[in-house]
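To start, the structure itself, in C-alpha coordinates.
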(Lines of atoms letter the chains of each structure in order from A and count residues from 1; the text may use other names and numbers.)
(Lines give C-alpha, C1' and ligand atoms only; values in the text may rest on other atoms or scores of the structure.)
Protein backbone atom coordinates (compact mmCIF):
# COMPACT_ATOMS: atom_id res chain seq x y z
CA UNK A 1 0.00 0.00 0.00
CA UNK A 2 2.73 2.50 0.94
CA UNK A 3 5.68 1.19 -1.07
CA UNK A 4 4.63 -1.12 -3.90
CA UNK A 5 1.64 0.91 -5.09
CA UNK A 6 3.56 4.23 -5.41
CA UNK A 7 6.34 2.36 -7.23
CA UNK A 8 3.83 0.86 -9.65
CA UNK A 9 2.20 4.23 -10.32
CA UNK A 10 5.59 5.83 -10.96
CA UNK A 11 6.28 3.08 -13.50
CA UNK A 12 3.07 3.93 -15.32
CA UNK A 13 1.02 0.95 -14.16
CA UNK A 14 -2.63 1.96 -13.97
CA UNK A 15 -5.24 0.62 -11.57
CA UNK A 16 -7.63 -0.19 -14.38
CA UNK A 17 -9.28 -3.55 -14.79
CA UNK A 18 -10.32 -5.41 -17.95
CA UNK A 19 -13.32 -4.54 -20.11
CA UNK A 20 -16.51 -4.99 -18.09
CA UNK A 21 -19.37 -7.07 -19.45
CA UNK A 22 -22.61 -5.42 -20.55
CA UNK A 23 -25.24 -5.77 -17.79
CA UNK A 24 -27.59 -8.65 -18.59
CA UNK A 25 -29.77 -10.32 -15.94
CA UNK A 26 -30.20 -13.64 -17.79
CA UNK A 27 -26.52 -14.15 -18.56
CA UNK A 28 -25.54 -12.99 -15.07
CA UNK A 29 -27.84 -15.59 -13.53
CA UNK A 30 -26.30 -18.33 -15.71
CA UNK A 31 -22.81 -17.11 -14.82
CA UNK A 32 -23.37 -17.02 -11.05
CA UNK A 33 -25.71 -19.99 -10.62
CA UNK A 34 -24.94 -22.50 -13.38
CA UNK A 35 -21.63 -22.17 -15.18
CA UNK A 36 -18.98 -19.58 -15.99
CA UNK A 37 -18.07 -21.42 -19.19
CA UNK A 38 -21.22 -22.57 -21.02
CA UNK A 39 -20.91 -25.41 -23.50
CA UNK A 40 -22.08 -25.35 -27.10
CA UNK A 41 -25.61 -26.55 -26.37
CA UNK A 42 -26.20 -23.93 -23.70
CA UNK A 43 -24.74 -21.22 -25.93
CA UNK A 44 -27.24 -22.09 -28.65
CA UNK A 45 -30.11 -21.95 -26.16
CA UNK A 46 -29.02 -18.55 -24.84
CA UNK A 47 -28.61 -17.31 -28.40
CA UNK A 48 -32.23 -18.15 -29.21
CA UNK A 49 -33.49 -16.80 -25.88
CA UNK A 50 -31.74 -13.43 -26.18
CA UNK A 51 -31.65 -13.22 -29.97
CA UNK A 52 -27.88 -12.68 -29.70
CA UNK A 53 -25.14 -14.04 -31.89
CA UNK A 54 -23.18 -16.92 -30.32
CA UNK A 55 -19.95 -14.96 -30.62
CA UNK A 56 -21.49 -12.04 -28.74
CA UNK A 57 -22.52 -14.35 -25.90
CA UNK A 58 -19.04 -15.90 -25.78
CA UNK A 59 -17.55 -12.42 -25.68
CA UNK A 60 -19.87 -11.50 -22.79
CA UNK A 61 -18.81 -14.55 -20.74
CA UNK A 62 -15.15 -13.85 -21.47
CA UNK A 63 -15.48 -10.24 -20.31
CA UNK A 64 -17.46 -11.35 -17.26
CA UNK A 65 -14.78 -13.86 -16.26
CA UNK A 66 -11.98 -11.38 -16.82
CA UNK A 67 -13.57 -8.56 -14.83
CA UNK A 68 -13.23 -10.60 -11.63
CA UNK A 69 -9.48 -10.97 -12.12
CA UNK A 70 -7.03 -8.68 -10.34
CA UNK A 71 -5.63 -5.65 -12.10
CA UNK A 72 -2.01 -5.32 -13.18
CA UNK A 73 -1.44 -2.94 -10.27
CA UNK A 74 -2.71 -5.53 -7.80
CA UNK A 75 -0.51 -8.22 -9.34
CA UNK A 76 2.50 -5.91 -9.28
CA UNK A 77 2.01 -5.19 -5.58
CA UNK A 78 1.64 -8.88 -4.78
CA UNK A 79 4.78 -9.79 -6.71
CA UNK A 80 6.71 -6.98 -5.06
CA UNK A 81 5.70 -8.31 -1.65
CA UNK A 82 6.84 -11.81 -2.57
CA UNK A 83 10.05 -10.48 -4.11
CA UNK A 84 10.81 -8.57 -0.91
CA UNK A 85 10.19 -11.60 1.28
CA UNK A 86 12.11 -14.09 -0.88
CA UNK A 87 15.10 -11.77 -1.25
CA UNK A 88 15.19 -10.89 2.46
CA UNK A 89 14.80 -14.45 3.71
CA UNK A 90 17.39 -15.72 1.23
CA UNK A 91 20.04 -13.28 2.39
CA UNK A 92 19.09 -13.95 6.01
CA UNK A 93 19.54 -17.67 5.40
CA UNK A 94 22.88 -17.23 3.61
CA UNK A 95 24.20 -14.97 6.37
CA UNK A 96 23.08 -17.43 9.04
CA UNK A 97 24.36 -20.56 7.27
CA UNK A 98 27.71 -19.05 6.28
CA UNK A 99 28.97 -19.55 9.83
CA UNK A 100 27.16 -22.86 10.35
CA UNK A 101 29.42 -25.95 10.19
CA UNK A 102 26.78 -28.08 8.43
CA UNK A 103 26.70 -25.64 5.50
CA UNK A 104 30.23 -26.73 4.57
CA UNK A 105 30.02 -30.34 5.76
CA UNK A 106 26.57 -31.92 5.50
CA UNK A 107 27.61 -34.79 7.77
CA UNK A 108 27.43 -32.25 10.60
CA UNK A 109 23.66 -32.38 10.20
CA UNK A 110 23.65 -35.80 11.85
CA UNK A 111 26.39 -35.64 14.48
CA UNK A 112 24.87 -35.89 17.99
CA UNK A 113 21.40 -36.13 16.49
CA UNK A 114 18.81 -35.56 17.93
CA UNK A 115 20.57 -33.71 20.76
CA UNK A 116 21.36 -30.56 18.80
CA UNK A 117 20.71 -27.04 20.18
CA UNK A 118 18.01 -24.85 18.66
CA UNK A 119 19.34 -21.29 18.53
CA UNK A 120 17.10 -18.24 18.41
CA UNK A 121 18.25 -17.31 14.88
CA UNK A 122 17.46 -20.78 13.61
CA UNK A 123 14.09 -20.72 15.37
CA UNK A 124 13.01 -17.41 13.79
CA UNK A 125 14.22 -18.59 10.39
CA UNK A 126 11.95 -21.63 10.62
CA UNK A 127 8.94 -19.73 11.97
CA UNK A 128 9.13 -17.07 9.24
CA UNK A 129 9.33 -19.66 6.48
CA UNK A 130 6.49 -21.71 7.94
CA UNK A 131 4.22 -18.66 8.30
CA UNK A 132 4.90 -17.59 4.73
CA UNK A 133 4.12 -20.99 3.20
CA UNK A 134 0.92 -21.23 5.22
CA UNK A 135 -0.09 -17.87 3.74
CA UNK A 136 0.64 -19.21 0.24
CA UNK A 137 -1.46 -22.28 0.97
CA UNK A 138 -4.52 -20.17 1.83
CA UNK A 139 -4.05 -17.51 -0.85
CA UNK A 140 -3.80 -20.16 -3.58
CA UNK A 141 -7.57 -20.67 -3.37
CA UNK A 142 -8.27 -16.97 -3.97
CA UNK A 143 -5.69 -16.43 -6.74
CA UNK A 144 -6.29 -17.10 -10.43
CA UNK A 145 -6.58 -20.84 -10.97
CA UNK A 146 -3.76 -22.22 -13.10
CA UNK A 147 -2.91 -25.47 -14.79
CA UNK A 148 -0.43 -26.36 -12.05
CA UNK A 149 -2.91 -25.70 -9.21
CA UNK A 150 -2.70 -29.32 -8.06
CA UNK A 151 1.10 -29.37 -8.33
CA UNK A 152 1.36 -26.17 -6.29
CA UNK A 153 -1.08 -27.54 -3.73
CA UNK A 154 1.05 -30.68 -3.33
CA UNK A 155 4.18 -28.51 -3.18
CA UNK A 156 2.78 -26.33 -0.37
CA UNK A 157 1.59 -29.39 1.54
CA UNK A 158 4.98 -31.07 1.19
CA UNK A 159 6.81 -27.88 2.19
CA UNK A 160 4.66 -27.22 5.25
CA UNK A 161 4.89 -30.89 6.18
CA UNK A 162 8.68 -30.84 5.85
CA UNK A 163 9.13 -27.66 7.87
CA UNK A 164 6.80 -28.83 10.64
CA UNK A 165 8.04 -32.41 10.67
CA UNK A 166 11.73 -31.47 10.64
CA UNK A 167 11.16 -28.98 13.44
CA UNK A 168 9.31 -31.50 15.60
CA UNK A 169 12.06 -34.08 15.04
CA UNK A 170 14.90 -31.55 15.46
CA UNK A 171 16.12 -32.04 11.89
CA UNK A 172 16.49 -28.29 11.61
CA UNK A 173 20.06 -28.33 10.34
CA UNK A 174 19.29 -30.09 7.09
CA UNK A 175 15.97 -28.20 7.02
CA UNK A 176 17.78 -24.85 6.80
CA UNK A 177 19.73 -26.13 3.80
CA UNK A 178 16.52 -27.10 2.01
CA UNK A 179 14.86 -23.74 2.76
CA UNK A 180 17.82 -21.64 1.64
CA UNK A 181 18.24 -23.67 -1.54
CA UNK A 182 14.60 -23.13 -2.53
CA UNK A 183 14.75 -19.40 -1.83
CA UNK A 184 17.75 -18.97 -4.15
CA UNK A 185 15.69 -18.80 -7.34
CA UNK A 186 12.24 -17.62 -6.19
CA UNK A 187 13.11 -13.93 -5.90
CA UNK A 188 14.45 -13.96 -9.48
CA UNK A 189 11.09 -15.18 -10.79
CA UNK A 190 9.27 -12.43 -8.91
CA UNK A 191 11.73 -9.88 -10.29
CA UNK A 192 10.94 -11.09 -13.81
CA UNK A 193 7.22 -10.68 -13.11
CA UNK A 194 7.75 -7.14 -11.87
CA UNK A 195 9.66 -6.26 -15.04
CA UNK A 196 6.92 -7.82 -17.14
CA UNK A 197 4.14 -5.85 -15.43
CA UNK A 198 6.17 -2.67 -15.91
CA UNK A 199 6.63 -3.61 -19.61
CA UNK A 200 10.42 -3.83 -19.45
CA UNK A 201 10.59 -6.80 -21.80
CA UNK A 202 14.37 -7.18 -22.06
CA UNK A 203 14.80 -6.98 -18.31
CA UNK A 204 11.98 -9.49 -17.90
CA UNK A 205 13.67 -11.89 -20.34
CA UNK A 206 17.03 -11.51 -18.59
CA UNK A 207 15.58 -12.20 -15.14
CA UNK A 208 13.60 -15.16 -16.43
CA UNK A 209 16.60 -16.74 -18.12
CA UNK A 210 18.69 -16.19 -14.98
CA UNK A 211 15.90 -17.69 -12.92
CA UNK A 212 15.79 -20.74 -15.19
CA UNK A 213 19.53 -21.32 -14.89
CA UNK A 214 19.55 -20.92 -11.09
CA UNK A 215 16.42 -23.07 -10.72
CA UNK A 216 17.80 -25.96 -12.76
CA UNK A 217 21.24 -25.81 -11.12
CA UNK A 218 19.83 -25.72 -7.59
CA UNK A 219 16.83 -28.05 -7.99
CA UNK A 220 18.27 -30.63 -10.40
CA UNK A 221 21.92 -30.35 -9.40
CA UNK A 222 22.58 -29.23 -5.85
CA UNK A 223 19.35 -30.54 -4.33
CA UNK A 224 19.66 -34.21 -5.34
CA UNK A 225 23.46 -34.47 -5.08
CA UNK A 226 23.84 -32.44 -1.89
CA UNK A 227 20.56 -32.50 0.07
CA UNK A 228 19.17 -35.92 -0.89
CA UNK A 229 22.63 -37.42 -0.63
CA UNK A 230 22.92 -36.44 3.02
CA UNK A 231 19.32 -37.32 3.98
CA UNK A 232 19.29 -40.67 2.16
CA UNK A 233 22.84 -41.96 2.57
CA UNK A 234 24.86 -39.99 5.12
CA UNK A 235 22.05 -40.07 7.69
CA UNK A 236 21.62 -43.82 7.16
CA UNK A 237 25.34 -44.32 7.66
CA UNK A 238 25.69 -42.12 10.78
CA UNK A 239 22.45 -42.67 12.73
CA UNK A 240 20.76 -45.54 10.91
CA UNK A 241 17.18 -45.84 9.62
CA UNK A 242 15.41 -43.93 12.41
CA UNK A 243 11.59 -44.30 12.52
CA UNK A 244 10.84 -40.98 10.81
CA UNK A 245 13.49 -41.52 8.12
CA UNK A 246 11.03 -42.92 5.58
CA UNK A 247 8.45 -40.13 5.86
CA UNK A 248 11.06 -37.37 5.90
CA UNK A 249 12.81 -38.64 2.79
CA UNK A 250 9.51 -39.42 1.11
CA UNK A 251 8.55 -35.75 1.34
CA UNK A 252 11.97 -34.68 0.06
CA UNK A 253 11.73 -37.04 -2.91
CA UNK A 254 8.22 -35.69 -3.64
CA UNK A 255 9.74 -32.22 -3.89
CA UNK A 256 12.33 -33.56 -6.32
CA UNK A 257 9.60 -34.94 -8.58
CA UNK A 258 7.96 -31.50 -8.61
CA UNK A 259 11.33 -29.93 -9.42
CA UNK A 260 11.60 -32.13 -12.51
CA UNK A 261 8.11 -31.14 -13.69
CA UNK A 262 8.74 -27.43 -13.22
CA UNK A 263 12.16 -27.65 -14.87
CA UNK A 264 10.47 -29.13 -17.93
CA UNK A 265 7.99 -26.24 -18.05
CA UNK A 266 10.78 -23.69 -17.64
CA UNK A 267 12.89 -25.25 -20.38
CA UNK A 268 9.87 -25.37 -22.70
CA UNK A 269 9.10 -21.70 -22.04
CA UNK A 270 12.75 -20.72 -22.54
CA UNK A 271 12.99 -22.64 -25.81
CA UNK A 272 9.89 -20.88 -27.13
CA UNK A 273 11.37 -17.57 -26.03
CA UNK A 274 14.50 -18.22 -28.07
CA UNK A 275 12.38 -18.87 -31.14
CA UNK A 276 10.07 -15.88 -30.66
CA UNK A 277 12.71 -13.50 -29.40
CA UNK A 278 11.08 -12.89 -26.04
CA UNK A 279 9.43 -14.65 -23.13
CA UNK A 280 5.79 -14.52 -24.13
CA UNK A 281 3.94 -17.22 -22.26
CA UNK A 282 3.76 -18.96 -18.93
CA UNK A 283 2.75 -22.55 -19.59
CA UNK A 284 1.14 -22.63 -16.16
CA UNK A 285 -1.31 -19.82 -16.82
CA UNK A 286 -4.96 -20.09 -17.72
CA UNK A 287 -5.58 -16.47 -18.69
CA UNK A 288 -7.96 -16.12 -21.58
CA UNK A 289 -7.29 -14.53 -24.94
CA UNK A 290 -9.36 -11.72 -26.38
CA UNK A 291 -10.04 -12.83 -29.92
CA UNK A 292 -8.98 -16.42 -30.51
CA UNK A 293 -11.99 -17.59 -28.54
CA UNK A 294 -14.35 -16.08 -31.06
CA UNK A 295 -12.50 -17.60 -34.00
CA UNK A 296 -13.61 -21.04 -32.92
CA UNK A 297 -17.21 -20.19 -32.16
CA UNK A 298 -18.58 -22.60 -34.71
CA UNK A 299 -16.57 -25.46 -33.22
CA UNK A 300 -17.52 -24.47 -29.68
CA UNK A 301 -21.22 -24.59 -30.44
CA UNK A 302 -20.76 -28.17 -31.57
CA UNK A 303 -18.81 -29.10 -28.44
CA UNK A 304 -15.66 -29.80 -30.44
CA UNK A 305 -12.11 -29.68 -29.06
CA UNK A 306 -9.85 -27.63 -31.27
CA UNK A 307 -6.16 -26.84 -31.28
CA UNK A 308 -4.60 -23.44 -31.83
CA UNK A 309 -1.63 -22.81 -34.02
CA UNK A 310 0.81 -23.13 -31.16
CA UNK A 311 -0.57 -26.51 -30.16
CA UNK A 312 -2.40 -25.50 -26.99
CA UNK A 313 -5.68 -27.28 -26.39
CA UNK A 314 -8.86 -25.25 -26.36
CA UNK A 315 -12.18 -26.36 -24.87
CA UNK A 316 -15.46 -24.45 -25.05
CA UNK A 317 -13.69 -21.28 -26.09
CA UNK A 318 -10.93 -21.45 -23.46
CA UNK A 319 -7.40 -21.05 -24.70
CA UNK A 320 -4.19 -20.77 -22.73
CA UNK A 321 -2.42 -17.90 -24.43
CA UNK A 322 -1.13 -14.98 -22.40
CA UNK A 323 1.91 -13.37 -20.94
CA UNK A 324 4.02 -16.02 -19.25
CA UNK A 325 3.58 -14.14 -16.02
CA UNK A 326 -0.16 -13.85 -16.48
CA UNK A 327 -0.91 -14.01 -12.81
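Using the three backbone atoms N, Cα and C, a Cβ is placed for every residue, glycine included.
Positions annotated as DNA-binding region by TrEMBL: 29-72.
If you look up TrEMBL, you'll see 301-327 marked as compositional bias 'Polar residues'.
Summarising model confidence by region, the domain 'Homeobox' (27-71) averages a pLDDT of 81. The domain 'Homeobox' annotation in TrEMBL covers 27-71.
Look at TrEMBL and you will find 74-275 tagged as domain 'TLC'.
Taken from TrEMBL, the feature transmembrane segment covers 83-103 (among others).
What TrEMBL records for 123-142 (among others) is transmembrane segment. Here the transmembrane segment (123-142) has Cβ contacts under 8 Å with residues 85, 89, 92-93, 96, 149, 152-153, 156-157, 159-160, 163-164, 167, 172, 175-176, 179 of the same chain, all six or more residues outside its ends.
The transmembrane segment annotation in TrEMBL covers 207-226 (among others).
Residues 148, 151, 154-155, 158-159, 161-162, 165-166, 169, 171, 178, 211-212, 215-216, 219-220, 223-224, 227-228, 231-232, 283-284 of the same chain lie 6 or more positions beyond the ends of the transmembrane segment (246-267) yet place their CB under 8 Å from a CB of it. If you look up TrEMBL, you'll see 246-267 (among others) marked as transmembrane segment.
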Three-state composition of the domain 'Homeobox' (27-71), taking helix and strand from DSSP: 32 helix, 0 strand, 13 coil
